[in-house]
Structures are given as C-alpha cells and as structure tokens.
Amino acid sequence: MAAPFLIPQCAILVLAISVIRSTSSDIFLDWKVSFDFNVKPVSTDQPVITINGMFPGPLINASTNDIVHVNVFNSLDEPLLFTWNGIEQRLNSWQDGVSGTNCPIQPTTNWTYVFEIKDQIGTFSYFPSINFLKAAGGFGPIRVNNLPFISLPFPKPEAEFDLLIGDWYNTSYKDIRSNLNTSDDVMNPNWMLINGKGPYLNTLSKSYETLNVTQGKTYLLRISNVGTYWSFNFRIQNHEIVLVETEGSYVNQLKLESLDVHVGQSYSVLVTANQDSADYYVVASPKMLRTATNSSSLTGVAVLHYDNSTTQANGSLPKGPDPFDLEFSIHQAKSIRWNLSAGAARPNPQGTFNVTNVTISETFILEASMARINDSSSSSRYAVNNVSYLTPDTPLKLADFLVNGSGVYELDAFPINTSNKNAVSGVFVASAIYKGWTEIVIKNSLLHTIDSWHLDGYSFFLVGVGEGKWRSESRSSYNLYDPVARSTVQAYPGGWSAVYIYPDNPGMWNLRSQKLKNWFLGEELYVRVYDPDSNPTKEKPPPENLLLCGKFQPPFPSPSPSPSPSVSPSPSSKANTLHTPRYHIAIIITTAICFICIGGLH
C-alpha cells in the first residue's frame with residue numbers, strides 16, 4: 001500500500017537537487033594586484049597594495065554554496081598569496097593560499113583560485129598571507145549571504161556596511177620586515193584606519209570614512225579587524241549596537257555599548273538610527289595601550305551621518321572601557337554564545353548543535369612564547385611549544401601529495417602537549433585524528449599582549465577562556481552547551497583559551513597567531529588531517545593549474561606509490577582522479593533511488 005507514495009517522494013528529491021543547484025552560482029573575479037604610492041591614507045610616502053586600484057580591496061559578495069573564481073595578476077615586485085580568512089575550503093586545502101599549501105604567484109604572472117563557499121553564512125575577510133605584505137594592504141571584505149529560503153534570525157536591515165578596521169604603519173612594510181629579521185627593537189603600528197582612511201579630526205588624514213543612514217532605519221555593520229597588531233574596542237556615540245553574528249555563526253543577540261574585536265576576527269552588529277538627526281562619532285581604540293584624546297592617530301574615528309543632518313559630530317569621543325581592563329574583555333567573550341535556534345549559519349560537522357556529550361580523542365596544549373634559537377645572539381623569534389616555525393621552500397601540501405612529505409617535513413616531530421626542551425627552528429607539522437574530537441588549549445605566555453589564534457579549514461568551538469595557568473581542573477569551567485563556533489579566538493596575557501574542533505576536513509591546515517609580527521617570526525604550525533578512505537570525493541585532487549616550486553619543478557612528478565617511513569600516507573597521494581561535481585553525484589544517487597522506488601511498484 002505504501003508504493004503509490006514513492007513516486008511523489010522521488011519527485012521531491014529531484015526537485016530538492018534542482019533547487020540546490022539553481023541557487024548555487026559561479027562568481028568570476030579578475031584582480032590586478034599592484035603597489036600605489038599615491039594612496040597615502042596618512043599623508044606619508046609608502047607603497048600601498050591595491051586591487052584593481054582599490055584600497056581596501058573589492059568586496060567578494062557571495063551566497064553560501066557559490067563557487068568563487070579569483071584570477072590574481074601579480075604586479076608586485078615579489079611573490080604573492082591570498083588567504084580567505086575563515087572560509088573553510090571544505091575538502092580543498094589546495095585553495096587555502098598560505099605557504100604550507102600553495103606555491104606563491106610570482107611577479108608578472110597570474111593564478112586563479114577556485115573555491116566553494118560551502119555551508120557558511122556571515123562576515124569574513126581576505127588578505128596577503130606571505131612576506132609581511134598584509135602590512136601594506138591588499139585586504140578586503142567577504143560577505144557570505146544566506147540562500148533565499150533560509151531566514152535571518154533578525155529583521156532584514158535597510159543596508160549593510162563593511163568596516164575593515166586595523167592598525168597601520170607610517171613607513172614601508174619592507175623596512176618593518178627588514179627590522180624584524182635583524183632587531184628586537186621593532187616599533188609598533190602608528191595609526192588606526194577605518195576602511196583605509198585616517199581618523200576624523202586628525203590633520204594628517206587624507207580622508208575619513210562616513211556611514212550615511214536614515215533616521216529610524218536599522219543597518220548591519222560587518223566589522224573585521226584587518227590589522228597587524230592591536231585589538232580594538234568598537235563603539236558609536238550615543239548608539240547601542242546589537243551583536244548578531246561572528247565568522248559564520250549566529251549568536252544570541254547581545255545589546256552592547258562597545259565591542260572588543262581582536263586581530264583577524266569579524267563580527268556583524270545591528271545599529272538603529274534612533275537618535276536626533278546629527279552626526280556621531282564611530283570609534284575604534286586599541287586595547288592594551290593608552291591613547292591621547294580626539295587627535296590620537298591610534299584611535300580610529302569615522303562618522304555616522306544622518307542623511308538630513310546639519311550638525312557635525314562634536315564633543316569628546318565616546319568613552320570605552322579601560323584598555324587594560326581585561327576583566328571587561330573576558331566577561332564579554334564569555335557572554336558571546338551560539339544561537340542554537342537559528343536556522344543557519346552552522347559550522348561543520350553539520351548537525352552538531354552543541355558539544356555537551358562529545359568524547360575527546362586527543363588534546364593539544366600549545367604555548368606561545370618568545371625565544372632565542374639555540375641561544376644565538378640573533379633577534380628573538382616567536383615559538384609554539386619552544387618551536388619557531390621554519391618555512392620550507394616546498395609547500396607541505398605539495399610534498400604530501402607527491403612524496404608523502406619525505407624530505408620536506410617529518411610528521412609529529414615536535415611535542416603537542418609540552419614545550420620542546422630547547423628553543424629550535426623547525427617545520428612543525430602535527431597530525432590530528434580524523435573525525436576524532438580534538439581539544440586545543442592555547443596558552444599565552446606573552447604577558448603584555450592579547451594574542452589571537454586562527455585555524456584554517458575549521459571553526460573552533462570556544463569552550464573556555466581563563467586567566468592564569470590552565471590545568472586539567474580548568475575543564476570544569478568549560479561551556480559545553482552553547483559555545484560559539486568561530487575561526488579566530490583570543491588568548492589574554494598570561495591566560496588561556498580552550499577550543500574543540502572536529503577534524504573531518506582532510507588536508508594540511510595552518511594554525512597560527514593572527515598577529516602579523518608573531519606569525520612572520522614563527523608562531524605557527526600545521527595540522528595534517530588524513531582520511532584513510534581512498535575515495536577521491538573525500539578530498540579534492542590538486543587543481544589543473546597547480547603551481548610547482550621548491551623541490552618540484554615541471555614536468556609534474558608522479559605521486560609516490562607508498563608512504564615514507566616518517567609520514568602517514570596522504571589521501572591525495574592516490575590516483576589523480578578528476579573531482580566529480582557535487583550535483584552530478586546527487587543526481588546519480590537520486591536517480592538510483594527513483595529507479596528502486598519505481599521498481600517497487602511492479
């Protein structure tokens with residue numbers, strides 16, 4: 001009697017496949033990346049990286065499941081890579097754009113990134129990932145919009161604004177980079193820019209940013225800290241903000257007077273233009289630093305302008321929390337909770353709405369510190385567990401695919417739970433258990449700075465934030481019910497942060513400090529996630545336009561038939577089978593189901 005219902009069910013399945021495919025688009029972008037000496041955001045002569053003449057770079061405006069093609073023409077005088085901060089690159093670390101996954105795009109050449117923005121909705125950013133280039137610009141916003149049939153957990157705003165906020169040096173990034181390699185006495189940034197513009201009220205600012213609003217309307221502000229060093233506190237004069245999303249996760253809505261944003265982090269907030277018609281200050285001031293009054297170059301200032309306003313912003317800047325008040329910041333961090341009732345955005349693993357009952361398979365305890373390598377008299381390096389990362393000429397992912405890493409890195413050569421006895425430089429690659437829940441404890445021994453950590457390919461479930469030393473007893477303070485899932489978490493001076501991840505995304509993934517100086521000087525490692533299943537749909541093979549470098553030059557070497565003794569076999573060391581598009585697979589499966597269903601009628 002149930003058979004007559006099978007044909008309608010098949011029709012629904014086919015329709016669902018058609019809807020998914022019809023709502024997925026290909027986005028094609030051509031970027032010319034070059035230096036511009038005329039931008040001068042703070043009236044100083046320095047090279048600024050522009051994309052198609054824009055600083056900051058152009059918006060990538062996509063919807064979840066879209067496929068983005070970015071053809072990058074490198075007109076700089078040195079190699080270039082872009083990374084897509086917070087985009088998970090499901091099954092496709094080949095497109096991640098960091099030194100461990102990609103050969104750089106050489107000057108006067110181009111290369112096309114192709115990646116799917118899979119199952120993500122929210123606010124993200126992109127930036128150059130090598131050679132300290134981020135300090136010269138080249139960053140820009142990424143919006144990932146929901147599909148039409150996925151509702152927002154808040155009323156649709158009147159409009160959206162991208163706010164790329166970050167510190168800025170008033171000299172060439174090349175000079176800073178040179179000093180980093182030779183001296184411990186490297187100056188901190190000099191300015192705070194908002195959308196590449198200097199502070200309102202500062203006479204050296206070439207221009208300042210203005211947000212135009214209409215009285216009574218509500219707007220979505222997409223805030224990203226694209227700086228190199230300073231966390232900042234964000235606030236708007238006489239206006240409350242409502243936090244709604246961070247890096248792909250909707251959160252329980254929080255009404256705030258101000259919001260701390262750490263390096264590499266992104267948030268979405270709502271603001272309603274519910275004050276008298278006038279202009280109001282929009283402020284971003286650094287944490288862990290005392291600044292002067294309205295004229296300070298390190299306090300970013302923009303203007304919220306009501307469209308019928310005739311009154312300029314006036315008075316003192318709105319006062320935020322004390323920049324050294326870590327209790328305020330820690331309390332706010334713990335208050336940001338995942339919205340378990342929202343229809344999306346949800347990180348992988350799909351369907352995991354809390355981590356209350358998960359079983360932890362392994363624990364990484366990673367301590368950030370400064371060290372002199374082998375007691376040398378050279379400048380200090382940054383280290384993780386007393387290992388300062390040494391970037392090889394050959395990308396790890398390339399070596400993993402072609403020779404199972406042999407001669408480029410040794411898997412699990414350094415400790416992940418304790419510090420190495422002596423400070424060393426090395427290619428730090430740790431393995432994670434595929435589909436085994438992993439706890440990562442990040443300890444910050446840098447006592448005068450708020451560190452900021454990021455893992456490509458994943459979202460962290462931020463289960464704990466604490467001061468002082470982390471101990472196993474600290475787990476009793478974890479929030480396992482609704483921890484927010486995000487790709488960048490802060491670790492406070494002398495404190496710790498604890499996260500859970502679910503390593504279900506095979507590949508080679510960069511785990512790093514988002515603070516550019518720390519990252520450049522070795523505060524990073526790579527996490528290798530290996531799926532033993534040889535099915536080529538489990539991890540995408542190298543792209544057809546794969547670049548070769550380091551140990552490997554054209555013609556393309558054949559993948560190694562067997563693993564080296566020191567490294568586990570790579571899933572991508574199998575035959576170079578072309579990846580079957582997801583909708584073809586879905587149609588094949590659906591067709592098979594339908595034939596089975598129809599057969600049941602006879």
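Cβ from N, Cα, C; glycine included.
Marked as signal peptide by TrEMBL: 1-25.
Annotated domain 'Plastocyanin-like' per TrEMBL: 42-146 (among others), in sequence order. Look at the domain 'Plastocyanin-like' (42-146): DSSP puts its residues at 7 helix, 44 strand, 54 coil.
Annotation source TrEMBL lists domain 'Plastocyanin-like' at 163-309 (among others).
Break the domain 'Plastocyanin-like' (424-533) down by DSSP state and the numbers are 11 helix, 53 strand, 46 coil. Per TrEMBL, domain 'Plastocyanin-like' is recorded for 424-533 (among others).
Sequence annotations record features per position, and here TrEMBL assigns region 'Disordered' to 556-575.
Taken from TrEMBL, the feature compositional bias 'Pro residues' applies to 556-568.
Taken from TrEMBL, the feature transmembrane segment covers 583-601.
Model confidence over the domain 'Plastocyanin-like' (163-309) is summarised by a mean pLDDT of 94.
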